[in-house]
Structure formats: C-alpha cells, structure tokens
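Listed in TrEMBL for this protein:
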- 12-34: transmembrane segment (TRANSMEM)
- 46-69: transmembrane segment (TRANSMEM)
- 89-115: transmembrane segment (TRANSMEM)
- 136-158: transmembrane segment (TRANSMEM)
- 143-222: domain 'Potassium channel' (DOMAIN)
- 197-222: transmembrane segment (TRANSMEM)
- 222-271: coiled coil (COILED)
Amino acid sequence: MNGALKTNLSKLFQVIITLLIILIVVDIIMLLALTFFSLKSSTTHLILRFDLLVSALTFLVFLISLNNFADKRAFLKENWILLLTSFPVLFILWAFQGLYIVVYVLPVFNIVKIYSMVRTINKIGSKFLKFSKETGLGYGIIIVTSVYFLGSIAFFLVENGVNPNLNGFEGALWFMMASMTTTGYGDIVPVTGIGRIIGSIAMLTGVGFASYATASVASVIFHQLREERDKEAEQLKELTTKFRGERKADDEEIKELLRNILQRMDEKEEK
C-alpha cells in the first residue's frame, strides 16, 4: 500500500510539473511583452501577479525535489537555476521602488529570468516529455498555443480600426485569453463576422483542451491504479500458491509420520 501511495504521489508530482511548464511558457511570453512593449498599468500588474504565482509554484517544486534528494548540496549545485526562476519580478519593483534605476534594472532582470525559465524547462522537461508521451498532452499544448497566437494576430488584423473597444495588439491577446478560458469579461466584443468566428474557435479550443487534459491525467492515474491492483493480485496469487505448496508438503510429512507410527505398532504386535 505504501508503494502504491508513493507511486500515486509521484504521478501527482508529474502533473504539477506539467502544469508548471505550461505556466512558465505563458510567463515567458508575458515577460517578453512586458520587456519590449509599452503596456497598460492594469496589464502590467496582472503580469506581475501571474509571475508571482508561477514563482511560488516553482519554489514549491524546488522544495519538494530538494526534500526527496539525498545529497542536498549536490542538488543545489545542479538545480540552482530553479531558485533564480523562483524569484518574482515584483520583488525587483519593491526593492527599487521610487528609484529611476528601476527603468534599467527591470528589463535586464526580465531577460535574466526568461533565460532561467528556459533553463528550468530543460531541467524538468524530461519528466514532462515522459508524461506527455503517455497522455499526448504535448500535442494539445502545441495546438492551444498556436490557436492563441495565430488567433490573436488574426483578430487584431480583422478588428483593428473597426472595433472601438480594441486598443492595439494587447487587446487582441486579452480577448483570446478571455475567450479560451471562457471567462468572457465582455470588455472586448468582436464586431465582424470573422472576429466572431475566431472567438468561437478560441472558446471551443479552450473547453476542448481543458476536457482533454483532465481526461488524459485521469486516464494515466486510473491506468497506474489498475497496474498496482494487478501487481498486488499477482503477488497474492504467488503467496497463495506458495502457501498451498507448503501445506501440501506439511500434509505429506504428517502422512509419512503416521505411516511410520502405524508400521512400528504393527511390528510390536507381531513380536
């Protein structure tokens, strides 16, 4: 039972790793936008909060991995990049709050953190690739990412200039995000037929991926539970067979002992 629990926890950790990689990819895109584009204050705050969430989850994965590693010093030496990824951009703003130098420090730190996040994906990517191969989740992520960016570009091209609520490419990215997550804030509504089609595709893709991801993870967990159950059943079968063999041997020994006793009694009677 402990072995089964340990295996299930390992599978759960793989799910967390997969989620972390997806969030890191999104965080990289957002930090690139924050570094090279002039964004609204509300969008900047949203990106910083999202980066704080990703940083916290990365630090949690770091602590779990460190706890499971025997040689702590060797782990820190090989995986120090996870600590750098765990450092939120928001801390830089707090550290240099009110100082003009933050204008220069923040972009540099963003680039350094983006580099660390790419290195982090390479570090933990092996587990993700294994999990992705079992579930096919990688193909779903590629499709969702492609739909998001291609849809954002297409929506901007068809709605820009005719949609009064669309203020630049940032608005197109926000519309696709709201549509694919089915939150539907309603602050940006398509006014063209093609724009509505793009929005519909985004919603169907988001809902479909969420359902597919849930089903894939559940399938892996159920498959693992079935393997554990079959393994325990096989072990029980082996124990039963062994017990029957030992019992048969004991029965033969008892029968042999009784025959010896009877034979001795017969010999005494003859004398």
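Cβ atoms are placed via backbone N, Cα and C, with glycine included.
Remember, TrEMBL labels are computer predictions, not curated facts.
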> Relative to the transmembrane segment (12-34), which of 46-69, 136-158, 197-222 accounts for the most Cβ pairs at distances under 8 Å?
Replying inline: 46-69
> Could you give the mean pLDDT over the domain 'Potassium channel' (143-222), rounded to a whole number?
Replying inline: 85
>> Based on DSSP, tally up the residues of the domain 'Potassium channel' (143-222) by helix, strand and coil.
In response: 59 helix, 0 strand, 21 coil
